[in-house]
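Asker: My questions all concern the structure below.
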Amino acid sequence: MLERTYIEDVTPDDDGEDTTIAGHVHELRDLGGILFVIVRDATGRLQVVAKEDDTPDLFETAEGLSSEDVVQVTGTLEASDQAPGGVELAPTELTVVSEATDVPSIEISKDVDADLSTRLDERHLDVRKPSTKAVFSLRSKAMGAMTDWFYDNRFEEVDTPELSTAGAEGGADLFPVVYYDKEAYLSQSPQLYKQILVASGVDRLFEVGHAFRAEDFGTSRHVSEIAMFDVELGYVEDHHDVMDVQEESLRHTIRHVVEHAQRELDELGSDLSVPEADFPRITFEEAREILADEYDHVPEDDNDLDTKGERLLGEYFEEQGHPAVFVVGYPDEKFYYRQDVDGDDVASRKFDLLYRGQELSSGGQREHDIERLTAKMREQGVEPENFEFYLDAFRYGVPPHGGYGLGIDRLIQQLAGLDNIKEAILFPRDPDRLEP
């Protein structure tokens, strides 16, 4: 390994210390006899000050540098009020590790916006921009914190197939794949496998994986390949137990980001605070009443909210100090595995979590009685015979259970304050993009 200190670990308190850094040449400024070289690594930027009178050979090497060359620099740290971050490096050794042979097609060192399509085409360059790199550093810290919360609370991580003979949610938005001599599809959701595992005795589980939706869309909220954080737990009394888990884990995640990713938040200009108060839990009917009474907005679909409705509900509750809100009791007409509310022919124990005006997750209590489950499948036009691998798990005693699937990409979009979900994904996939 090349000897180096990460730039984020360098502080003015290190004045007088010798150190070595390595990274890309972010910016060059020649003042005649003094050359300022801003070096950028994965954690930050540090100013290197080369002086012709002090180190003529090194200065000559520095004069030959180009933007994005990879360098290794050894020298003495000097505290300076004029330097970015209050400290700079007086170099004694400068090695060019790798030369940049082409001029980058994207401006990396300056705050100049390229259109999103160009940024995604040149993602290997775009990720070098500090603002883009901050998104994925934040994402890494957020998902590490969320995963840790589930490990600490006795959940087990599982892996389920991303190839299957049928989709958990049915419909036409499945990607068919060639699988030997059989018909197969990319996974819409690990839902059926999560329930099979709960029935098998793995009663607190989570999975970080991908789901695929063959939908033709053109919005800032959708992509074809989705990163998901799926959760399922057994022995629940009702869907509120599931919401409790999601609320506590999300609050922990946001707190970790606020405490450990402030550099990234500052780079992104995202003003993030921890939602300490309980997340409000309102019924689906109450949500529609708020939209009608406060905003004169009525979603066209009587059984769902629309994008505008979610945004308006976000504004309504953020004004009251609640960036997150659960909407509970959606009409039960789409998914056979969701449990109905006793004595109510319409509502289900389904919920959505809205955060900063966007749906992050859907979840609820599942149906664990095989007779009711089979009847609901037939009511919704699903042939139970095609899901025998799933139904067989319910013949041997299944605890009441529930869970949810959280869209990781949407969560990062909201934490980072991004306009488009594709900005939160390293290599997004949509109907028009299959590379890089």
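Just so it is clear, glycine is given a Cβ too, placed from its N, Cα and C backbone atoms.
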Asker: Starting from the ATP binding annotation in Swiss-Prot that includes Arg213, Ala214, Glu215, Arg221, His222, Val223, Gly407, Ile408, Asp409, Arg410, which of Glu162, Glu276, Glu359 is the extra site residue?
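Answerer: That ATP site, as Swiss-Prot gives it, pairs Arg213, Ala214, Glu215, Arg221, His222, Val223, Gly407, Ile408, Asp409, Arg410 with Glu359.
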Asker: From the ranges 19-22, 191-194, 199-202, 279-282, pick the one that Swiss-Prot records as region 'Aspartate'.
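Answerer: Result: 191-194 is the stretch Swiss-Prot calls region 'Aspartate'.
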Asker: Determine, using Cα-Cα distances only, which of these recorded positions is closest to Arg366 (L-aspartate binding site): His26, Pro84, Glu215.
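Answerer: For Arg366 (L-aspartate binding site), the spatially nearest of the recorded positions is Glu215.
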Asker: Which value in Å gives the longest Cα to Cα span across the ATP site residues Arg213, Ala214, Glu215, Arg221, His222, Val223, Glu359, Gly407, Ile408, Asp409, Arg410 as recorded?
Answerer: 19
Asker: Taking the Cβ of His222 (ATP binding site) as the reference point, list residues of the same chain whose Cβ is under 8 angstroms away and which are at least six residues distant in sequence.
Answerer: Arg213, Glu215, Ile421, Asp430
Asker: Counting only other Cβ atoms and using a 10 Å cut-off, which of the binding-site residues Glu215, Glu359 scores lowest?
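Answerer: Fewest other Cβ atoms within 10 Å, among the binding-site residues Glu215, Glu359, is found for Glu215.
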Asker: Pop the Cα-Cα gap between Pro84 (site 'Important for tRNA non-discrimination') and Glu359 (ATP binding site) into the table, whole Å please.
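Answerer: For Glu359 (ATP binding site) versus Pro84 (site 'Important for tRNA non-discrimination'), the Cα atoms are 39 Å apart.
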